[in-house]
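Feature annotations, courtesy of TrEMBL:
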- B:18-282: domain 'Glycoside hydrolase family 65 N-terminal' (DOMAIN)
- B:339-691: domain 'Glycoside hydrolase family 65 central catalytic' (DOMAIN)
- B:W373, B:D374, B:K604, B:Q605: substrate binding site (BINDING)
- B:E500: active site, proton donor (ACT_SITE)
- B:701-762: domain 'Glycoside hydrolase family 65 C-terminal' (DOMAIN)
Protein chains: 2
Amino acid sequence: MKPEHLPTFTVEPWVVREPRLDMDAMGQTESVFALSNGHVGLRGNLDEGEPHVLPGTYLNSCYEVRPLPYAEGGYGYPESGQTIINVTNGKLIRLLVDDEPFDLRYGTLRKHERVLDMQAGTLHREVEWESPAGRAVRVKSTRLVSLTQRAIAAISYEVEVLSDGSDGNSATDGALLVLQSELVANEQLPGRNEGDPRLDTALDDVLESEQSRAGQTDATLVHRTRKSELRVGAAMDHEVTGPDGVQISSDANEDLARTTIIARVKPGQTLRVVKYLSYGWSSRRSLPAIYDQVRAALAAARYTGWDGLVSEQREYLDDFWSTADVEIDGDAELQQAIRLATFHVLQAGARAERRCIGAKGLTGDGYDGHTFWDTETFCLQVLSFVAPDAAADALRWRQSILPQAFERAETLGLKGAAFPWRTIRGHECSGYWPAGTAAFHINADIADAVRRHVHATGDTQFELEVGLDLLVATARLWRSLGHHDSEGNFRVDGVTGPDEYSAVADNNVYTNLMAQQNLRYAAEVAAKHPRSAARLGVDSEEVASWRDAAAAMLIPFDERLGVHPQSEGFTSHKLWDFEGTAAEHYPLLLNFPYFDLYRKQVVKQADLVLAMQIRADAFTDEQMRRNFAYYEGITVRDSSLSACTQAVIAARTGHLDLAYNYLGEAALIDLHDLGGNTDHGIHIASMAGTWSAIVLGFGGMRCDADGLSFAPVLPASLSRVSFGLRWQGRQIRVTITPGEAEYQLVSGAPMRLRHHDEPVALGDDPMTLPLPAVEWVEPVEQPYGRAPHQRG
Amino acid sequence: MKPEHLPTFTVEPWVVREPRLDMDAMGQTESVFALSNGHVGLRGNLDEGEPHVLPGTYLNSCYEVRPLPYAEGGYGYPESGQTIINVTNGKLIRLLVDDEPFDLRYGTLRKHERVLDMQAGTLHREVEWESPAGRAVRVKSTRLVSLTQRAIAAISYEVEVLSDGSDGNSATDGALLVLQSELVANEQLPGRNEGDPRLDTALDDVLESEQSRAGQTDATLVHRTRKSELRVGAAMDHEVTGPDGVQISSDANEDLARTTIIARVKPGQTLRVVKYLSYGWSSRRSLPAIYDQVRAALAAARYTGWDGLVSEQREYLDDFWSTADVEIDGDAELQQAIRLATFHVLQAGARAERRCIGAKGLTGDGYDGHTFWDTETFCLQVLSFVAPDAAADALRWRQSILPQAFERAETLGLKGAAFPWRTIRGHECSGYWPAGTAAFHINADIADAVRRHVHATGDTQFELEVGLDLLVATARLWRSLGHHDSEGNFRVDGVTGPDEYSAVADNNVYTNLMAQQNLRYAAEVAAKHPRSAARLGVDSEEVASWRDAAAAMLIPFDERLGVHPQSEGFTSHKLWDFEGTAAEHYPLLLNFPYFDLYRKQVVKQADLVLAMQIRADAFTDEQMRRNFAYYEGITVRDSSLSACTQAVIAARTGHLDLAYNYLGEAALIDLHDLGGNTDHGIHIASMAGTWSAIVLGFGGMRCDADGLSFAPVLPASLSRVSFGLRWQGRQIRVTITPGEAEYQLVSGAPMRLRHHDEPVALGDDPMTLPLPAVEWVEPVEQPYGRAPHQRG
């Protein structure tokens, strides 16, 4: 948790501005200001590299292998893991002012401002600095990672010599400026937080040089990772404008390429460099092929030019925001936060293109850069409705790792596919199976993302080409993982649900409901495409066995308490001693053994409550209310995957203020560094959950085979919420104001939808419908000390 | 599993003889021939050191610390483990015959025989060997680890030059013999089986030299372990007899001390060396103190002399066998095996003296040399009845590690003491908590061993001085580990019972019954010694809370099947596919993930069945029969801790032939290397279980507050079984023959006992009572392919 002082960022609708340099918040700002297109990611490190908390340049799926050690091993434990690596750093532009290195830790920092512009898709920086010798300069840099040219990043860097330095000579003499624009491989990384299992160890010195070349204004480095054997190329080129007599030259050795630009610049004059940067990497392509690939991308970027890249970027984002923007009136902080959240979800997925979307996107090294169920359950929930191509590609990536998932299932003695709990390249990298491999729900989460995507887009081709494979593979898994007991119930024993403070339990309600949906939907799609299904070996007997298992699925219910136990027996367990747990002992996993957590009623993150979000059809309103109240009382939200889901169900059960508070927590997790670990990367799932809290919570949006429905509500603190969606080729906007909701078909054919369960038709004209009166509901309570921060 | 060929050992009643050198069985013989007094242990390595499978010289609790790594860490995981080390090897006597090293791999081995004499307590060897040059010698050595002088081992080594070598000269010329008797520290250890979690990694080069000194016939080395900082002294001295002109000298450097004995020995002449060896080690004593300690022990041994040590040894064993011997008529193999079993249990515990008794005793490095619940549940079951002082000392060791157990309980958020699942020095060394820390039953097992010991010995002083501390500490643990549910049941959730193919389940019947007994007995003893209990802070409210928890203990029962589920929900789990499991896929843990094993009905080792052995009072005869039949069908005996318990309950439920078969399996595990891992050490618990299978099974012995009772039965294959016991200062012998049992009070006051539930009085005269007729019982079945080997 960041100490209380001046806010790190100002509150503005479309930008995130850092108005002063806050060294304590540097790790956080590096993550918040990270730029990414899902393919290439640059942390918001300073141009000159130092000071830093964590330098980071990431390429999607560019990882190194590391051994996974066990004090006591076991059959099927993965022997090696995959860790995202900090690749060749091309962001570096060092500056020497009259022999003094430009370093904010020395001299006088007269002004420092950075601005992330979410409409422009750029990070702008403006610094006024006076060197220890009294020479004053103004540096303006603008950085972008192109959303249109996925291999490309670019930096416009300009230095103006000021006339008001305290050095007497500076007003008249020119300053000798040396710019060193670099590509640096195998950067030394800082020591890491040990003892926190959520932060994994970074790897040093993983890149072996294969080629380094320099021209006059350009240079290229090609490396290869030692164990994963990925070839990584990085190239840079420069355009320089400045006073006469600018010299430019480049050199390159194994781990360093450098373009040096020297000029004598008089006060009032400016030296400007545009740096184009391209990356390419592959496990298969040859050294010349990679070399040519990065050079070609670089050539295209130079051809486009800086202004061209900037305008392409804005055009791309204008299009995106036209659907995706969520407007909130009445809470400026939340307005900014939802835009940052949406922006980071886009950045994580936009150009991932059949590679994975990690839990931190490409903004940090947290969780080793791994992808979890976060992607399907949280991220794709957003992307299918605002950037459906990105969602489709993410699921195509899952399809592409089916071979690894088949192999893993076989190792585990199961049929079908067992997708990895955490991975980069498709192999299971979980080193603690009770909270990894046993969390089989990820397979149903993937199936659910397919179902959701098909319903959102109406893309039957996708259903056939991508969906069917995934659905058949996961249905087979569930059929082999569960069994019928002697009374005919279909049981799924010994698995771990979403809540990581329980593990390896029987008949987790979330898991069983998700498996049920998976089996049913697989049966439905297989029946719809019988010939394609037959090619996968699916016959009608097998489909029938899926339907039967789904129909017989055991969903435990505690009649005594009138609630669903999270898993069988859960509600008989001892309640956690919340009153006896000090605030500093959260998160509990860092202060109590799993043994203790697993055996008691304490919930890290929405589990049964998430089941009620996704499988709302399986609960009565009464159950929904009682379950929510029960689980609110024992959920501590030690995971960032919880507040957003609690917001959705709070909104749906009439706890609007509570939903609003949870929305705030989900939205501000990184802007306010609520978890104290934003330095390791943005919480992409919580960002996505922010959107869901609004659209599924306040919008009451549901989308299934019956179409699209809404049940809008508005918390008292907000005067207006407006959000957009893509739905089956259409663009829709929903605006909620006190007492009413407006539906607008921005583009596409007329459609039907449901408003608070009433079917209505939506044509070209906006339609305004009244909201039902808000009923009083019995307040719910959180564990001692764990209520969300009260907003407003 | 050893390949089928000639048996490694001959079958003889009192000795284990290896009639020829079997290189394939060398690891097994090193373990079977290991000599130990519980304080010092020497594996049965050849005198000359090589060839070997695993050289081993162990000192009780002499360990090194090693880091325990985790792919994903967690709160409360032990950061370091303790591993038994191979200390300074003092067994080595190398021989040079006319420049040829005596090495069985070269030249001609004309005769090789080793004999473990269980009455003498010695390992004798006789070899005739002809060197590659044709010189023939006969080597006779006898080795002992003294049961009377615990720091001492001794070797009598003699070489006779034979006149029938193929070298023409040898008949007349003398051979030049050089004997090198050594102390070697930091011996290089062979590479180890990787991938089998049951075999842990040995540590190399752990000893740092502190002092090395040599006299003429003697030498001393003192080392210190690097991390655990234990000081280890080893000293040797020699007596030499031989032809005139024998020269003897010694030298010592850091890791090697050597006494060299040179003589020219004519055919028919003999050179004999007696080597005295002493060890001392401590975490506290100074270098001079340790040095003096080993020299003093050595002086005492030389004073006693070889013949004195041999006769003391026999006297000690005569006394031991007078009680402990079990006689079996009708199965010579079993007769030998039960004696070997009893001998190894004695060796493990005899002089352990407030140090731990490891799962392998001091016979190998398996399981890192750790102590588990094996000690209390299996070993002490024997020792309390045949060597009660050793049993008392083992429990005093538990008392001595209470500080570590208190600390561990605190780490786990519990009250009282949480004894380590595996340890050497008292700290938890388990690196996989679901099958380690979660197996809390070890605490009740310790309490049960106290209860049993007190009932066996009537030692109320022990109950007060040792028992009370242990009982209060463990009762407090259970009281804090369990909780009352809303219906008033006392539940113990999320723990692991004895069966390691299940883990972290609710209300394991074994655990709950053992906890119940622990709570009750603690309450009883605390009430008996109120002032001492008060000093531990126990008041009558606390005692009442123990009684209440015991009375309310939840013992799940499956009414539908009429059996006890091993844990709640267990009988609803899927049955393991035994028919689909190939023989080579056992043990299952090496071929299937824990995930799969834990969620299905498959039992590694007696769990519920062990509960029926220890808590027979908690089951009706009908439940006992039904439970046994049910669990027989799903128990695969992948643990050596199972067959013995199955034998006991098979005997008690009338399955006498099955009991006999299980007895054979328990008894022969090391003689026949049934588990294929005897090379890593003797299965001490299975050895102890052999005794229990006979005494608790066929003898039907039970011992509780009501006294001693028997329910003898005899399987058809045996004509007579006779066993002895110490009971409350008496010595008793029970002899079972077809149709009757004889009870004999060998020494001590008249007593009452029960014979098949009938109270009878036993005075000085032997008493013969009839056995009830054997009733036919419905046969039980084991999983496909897992029936025990049929004997006879």
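Just so it is clear, glycine is given a Cβ too, placed from its N, Cα and C backbone atoms.
Automatic prediction, not curation, is the source of TrEMBL annotations.
For the pair formed by B:D374 (substrate binding site) and B:E500 (active site, proton donor), distance between Cα atoms is given as 14 Å, rounded to the nearest Å. Per-residue pLDDT, averaged across the domain 'Glycoside hydrolase family 65 central catalytic' (B:339-691), gives 97. For the substrate site, whose binding residues are given in the record as B:W373, B:D374, B:K604, B:Q605, the maximum C-alpha distance rounds to 16 Å. Just so you know, the Cβ of B:K604 (substrate binding site) picks up 21 other Cβ atoms within 10 Å once every protein chain is counted.
Using B:E500 (active site, proton donor) as the reference Cα, a 10 A cut-off selects B:K604, B:Q605 from the binding-site residues B:W373, B:K604, B:Q605. Per-site Cβ counts within 10 Å over the recorded positions B:D374, B:E500 peak at B:D374. Taking Cβ-Cβ distances under 8 Å and a sequence gap of 6 or more within the same chain, the neighbours of B:Q605 (substrate binding site) are B:P498, B:D499, B:E500, B:T635, B:R637, B:D638, B:S639, B:L641, B:S642, B:T645.
Highlighted in sequence order, B:F372, B:T377, B:P498, B:D499, B:E500, B:S639, B:L641, B:S642, B:A685 have their Cβ within 8 Å of the centre of the Cβ atoms of B:W373, B:D374, B:K604, B:Q605, the residues recorded for substrate, and are not part of that set.
Under the three-state DSSP scheme, B:K604 (substrate binding site) falls in the coil class. Within the same chain, residues at least 6 positions away in sequence whose Cβ sits under 8 Å from that of B:W373 (substrate binding site) are B:W421, B:A439, B:H441, B:I442, B:D445, B:I446, B:P498. In three-state terms derived from DSSP, B:D374 (substrate binding site) belongs to a helical segment.
Mapped onto three states, the DSSP output places B:E500 (active site, proton donor) in coil. Across the range of the domain 'Glycoside hydrolase family 65 C-terminal' (B:701-762), the DSSP-based residue counts are 0 helix, 41 strand, 21 coil.
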